[in-house]
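Some features that Swiss-Prot has for this protein:
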type    : residues                                         : note
BINDING : LEU14, ALA15, GLY16, LYS27, ASN55, ASP73, ASP108 : GTP binding site
BINDING : ASP108                                           : Mg(2+) binding site
Amino acid sequence: MPMADHPATPAVVLAGGLAQRMGGGDKPLREIAGRSLLARVIDRLAPQCDTLALNANGDPARFAGFGLPVIADPVDGFPGPLAGVLAGLDWIAAHRPDAEWMLSAPADCPFLPSDLVVRLHQARLDQQADIAVAASAGRSHPVIALWPCRLQIDLRRALLADDIRKVDRFTARYPRAIVEWPVQPFDPFFNANTPEDVAEAERIALRDSR
């Protein structure tokens with residue numbers, strides 16, 4: 001499926017986590033090879049998505065340099081990535097009511113594949129799925145997913161009424177397509193959770209730029 005053939009797809013970049021394994025602070029602003037994690041994620045997604053928004057809590061001014069709308073969790077208490085997905089769906093309903101699909105991706109995955117959106121769309125069509133989820137090395141990455149915007153109301157109910165916090169618990173309610181990517185020369189869904197991961201991301205970025 002050529003990129004122009006799939007529906008226009010906005011994306012929400014999830015940066016609402018507490019970065020506890022990184023010692024707190026704004027993990028998306030950590031630099032690898034002279035460029036922040038968030039900037040690298042934007043670089044990867046901008047050619048694939050027609051609109052980007054950033055889900056982050058706290059003072060939005062710290063992300064002003066990226067030129068993205070910053071949207072906070074609509075649910076109190078840092079309830080996890082599902083709240084960020086809901087924030088994205090709420091924002092799209094208000095600002096892109098024409099959109100039928102939304103991509104979600106975390107702000108700490110700097111090597112997202114260039115065919116992410118097109119392959120997720122193809123898989124959900126081929127498998128008649130409601131949600132398409134990325135995977136690598138036999139493991140799914142539930143926050144890197146293609147969501148139908150019509151799940152906005154269901155997701156709000158799951159968070160507020162059913163107290164569901166884990167992404168897999170919510171997505172298990174719907175037909176899912178799991179889309180596997182190769183991990184050579186590196187895992188495109190490598191995420192920088194710890195200082196050691198950041199060091200490894202530096203090595204990958206330098207190798208990838210040669």
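Cβ coordinates are placed from backbone N, Cα and C, and glycine is handled just like the others.
Sequence features annotated in Swiss-Prot and their locations in the structure.
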residue : record           : CB count, 10 Å
LEU14   : GTP binding site : 28
ALA15   : GTP binding site : 23
GLY16   : GTP binding site : 23
LYS27   : GTP binding site : 25
ASN55   : GTP binding site : 27
ASP73   : GTP binding site : 21
ASP108  : GTP binding site : 25
Completion exercise
DSSP, reduced to three states, assigns LEU14 (GTP binding site) to strand
Handout entry: Maximum Cα-Cα separation in Å among residues LEU14, ALA15, GLY16, LYS27, ASN55, ASP73, ASP108, which the record lists as binding GTP
Key = 18
Handout entry: Secondary structure at ASP73 (GTP binding site), reduced by DSSP to three states
Key = coil
